[in-house]
């Protein structure tokens, strides 16, 4: 009797895939800080980091060494357990959310029938990390930043979910692979669900607290917001977690609206990973371009925009999609 039964081999392969994907995401999140600075320098007609190594390519290694050797200080007035737990929860929730994203037909961690719901569960868990960080720091600026962040995240997650309901109505499934395969046989959802895409993208920027929705970390108002008391690797986990969030939202946009691993018009299906990577990289660059080109609005304007613009748009999109699907459904199937 051998231990390496087909079931055991499948488990080992799944674990190896999970480790490879999660390590790749963490490394990519760290590298994005360098990529962002280089792109911002290019767009703003300056050099950016260009001193460490050829073309500044070793700058990220220098930053990581600096962060690693910094004092991992915990304020004496902080709740030490929750203060330490917050960055772990923040980064873990984002990494676990990657489990349901299919990168290629064969590469993915978990093929869940409730993939979309699982993503929203993990996204909601990240709110607790922000609240933990702000409250446990025992700092008024950190607390105000965490309250801003949690209110903003919860508000925009509502529209993020409603924006995807049009896709669920058309496909009839919460499974990510089903959504990708549906787009392979029909139009990519960027066309029939354009308004849902717009709302999801806006909500994605807001949920990741990226510019122009970075009010929870506004330096001029809150002195860096909910992670003001963090230093060393704890701060580094929040820092890298922000870039992992960008990768996550970009990968979701590709999966849900741009055909996932499929190329345009089914071109070169054997290059599945290339198409997924190329489309994800485009949206990552778009996130960075927003930081370089759009001013930061006031917090009340951000919240007003969410409830007065995003909510009606998502509801109209959902109602129109439901009506179109109902009209195209045979009467016998409806009964």
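Backbone N, Cα and C define each Cβ position, glycine as well.
From the options 187-207, 208-228, the stretch Swiss-Prot describes as transmembrane segment is 187-207.
Residues 32, 35-36, 39-40, 43, 103-105, 107, 205, 208, 210-212, 246-247, 249-251, 253-254, 258-263 of the same chain, all 6+ positions outside the transmembrane segment (270-290), place their C-beta atoms under 8 angstroms from a C-beta of that stretch. Beyond its flanks by at least six residues, the transmembrane segment (154-174) meets 113-117, 120, 123-124, 127, 182, 189, 192-193, 196-197, 199-200, 202-204, 206-207, 213, 256, 303, 306-307, 310-311, 314-315, 317-318, 321-322, 325 of its own chain at Cβ-Cβ distances under 8 Å.
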